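*Asks:* Pasting the relevant annotations from Swiss-Prot:
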ACT_SITE  C117  active site, proton donor
BINDING   K22, N23  phosphoenolpyruvate binding site
BINDING   R93, R122, P123, V124, D125, Q126, D309, I331  UDP-N-acetyl-alpha-D-glucosamine binding site
MOD_RES   C117  2-(S-cysteinyl)pyruvic acid O-phosphothioketal
Amino acid sequence: MDKLLIRGGRALHGEVTVSGAKNAALPELCAALLSSEPVTLRNVPRLQDVATMLKLIRNMGVSAEHDDSGTVRINAGSLSNPEAPYELVKTMRASVLALGPLLARFGQARVSLPGGCAIGSRPVDQHIKGLQAMGAEIVVENGYMNACLPGHLKRLQGARITTDMVTVTGTENFLMAAVLAEGETVLENAAMEPEIGDLAEMLIKMGARIEGHGTGRIVIQGVERLGGCEHQVVADRIEAGTFLCAVAATGGNALLRNGRADHLGAVIDKLKDAGAEVSAEDGGIRVRAAGKLKAQSFRTTEYPGFPTDMQAQFMALNLVAEGCSMVTETIFENRFMHVDEMLRLGAQITTDGRVATITGSQSLSGAAVMATDLRASASLVIAGLVAKGETLVDRIYHLDRGYDRMEDKLRGLGADIERVSQ
């Protein structure tokens, strides 16, 4: 099993290129199922979750090739098996995103209940209720969502859908289902993440009629068919945020090429409050540590608030900043699993329910630690970069789910880091 060996204490300097966003690429791969014409996606990151999604759609009979330049060419004209089996999706939450497109185009789908995440419950009931409002009949049995249209319907029907909570994958599923539905669909309480806006832009290129993406109310006028398109996946704001925290925590200075400062407002504001200099530059984001950092308290919320996917990484920065801070996690109920591993490095953190209290300005010492989920693994890498001595991060398959060649990019910034097999 691969591990990362980090010898800490080096400031990060130079330039790094931010990859395409995993959380945009996955729904956009599913969106290609909506058309029988060729779709080309560029800037697709080489990640384990992407490889799993490609394997899934190939299993449906779809032609899909991912080349070394990050381009994926898909032709779903040959799709013959509208099923997402458990064996292929048990490691990945995003499998549920196949449900809407398959229902919209074929009127039927059989999708395994998703797996792939240890950080908390993410029930699919909102997906089911929304698609039922559009006329679908869905039965959950034996670990599968079995969906179809009743005999009197040839297409999904437009509807007004208001979810009980903001749901990113739910918004994406409804968006993809609605573009081929009959009539108008209105999504209230819609998620506003940039990745949803990017998905909508791709669908519009395919011929969809969508307004309001990027707001809490999206209106879709259904069309009878969609064509192919070429689309570039938006840059990964979470990867960019991770590198911003790593550079600032190590006292470095770096340019993040392709980084979108307009997608990271809440994180950048906290970094500036901590004393880092962060600015948008032509082609990216510049971050420079300017003296000792000051610990910052924050609360995770839906976009455009502070992202839950950046909670662990910013906590790692707070470990070496001056002062005490409180981190409140409002999105997931089990997202402090990295805390126990940080304690092994000498961190001083206490937790009470969804609140973690961190005493900063600590001297961390390298140790063997274990990744428990995707973003926790990134936070342990950051902690290892600032710790004295060697840190060995185990179970980095979690990291590979969402970061494209992270150790290579960090090494390019001057980190002493290598992948080892033990």
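Note that Cβ sites are derived from N, Cα and C of the backbone, with glycine treated the same way.
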*Asks:* Under a criterion of Cβ-Cβ distance under 8 Å and sequence separation of at least 6, what residues of the same chain contact D309 (UDP-N-acetyl-alpha-D-glucosamine binding site)?
*Replies:* I238, G241, R375
*Asks:* Where K22 (phosphoenolpyruvate binding site) and P123 (UDP-N-acetyl-alpha-D-glucosamine binding site) are concerned, what is their Cα separation in Å, rounded?
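*Replies:* K22 (phosphoenolpyruvate binding site) to P123 (UDP-N-acetyl-alpha-D-glucosamine binding site), Cα-Cα distance: 21 Å.
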*Asks:* Using the alpha carbons only, what distance in Å do you get between N23 (phosphoenolpyruvate binding site) and R93 (UDP-N-acetyl-alpha-D-glucosamine binding site) once rounded?
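*Replies:* Rounded to a whole number, the Cα-Cα distance is 11 Å.
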*Asks:* Enter the number of other CB atoms within 10 angstroms of the CB of I331 (UDP-N-acetyl-alpha-D-glucosamine binding site).
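*Replies:* Taking all protein chains shown, I331 (UDP-N-acetyl-alpha-D-glucosamine binding site) has 20 Cβ neighbours within 10 Å.
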*Asks:* Kindly assign I331 (UDP-N-acetyl-alpha-D-glucosamine binding site) to one of the three DSSP-derived states: helix, strand or coil.
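*Replies:* The residue in question, I331 (UDP-N-acetyl-alpha-D-glucosamine binding site), is coil (DSSP, three-state).
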*Asks:* Specify the count of other C-beta atoms within 10 Å of the C-beta of R93 (UDP-N-acetyl-alpha-D-glucosamine binding site).
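*Replies:* Result for R93 (UDP-N-acetyl-alpha-D-glucosamine binding site): 17 other Cβ atoms within 10 Å.
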*Asks:* Near Q126 (UDP-N-acetyl-alpha-D-glucosamine binding site), which residues of its own chain have a C-beta under 8 A away, given they sit six or more steps off in sequence?
*Replies:* T163, D164, M165, T167, G170
*Asks:* Near P123 (UDP-N-acetyl-alpha-D-glucosamine binding site), which residues of its chain come within a Cβ-Cβ distance under 8 Å, counting only those 6 or more away in sequence?
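*Replies:* Set apart from P123 (UDP-N-acetyl-alpha-D-glucosamine binding site) by at least 6 residues yet with Cβ under 8 Å, there are none.
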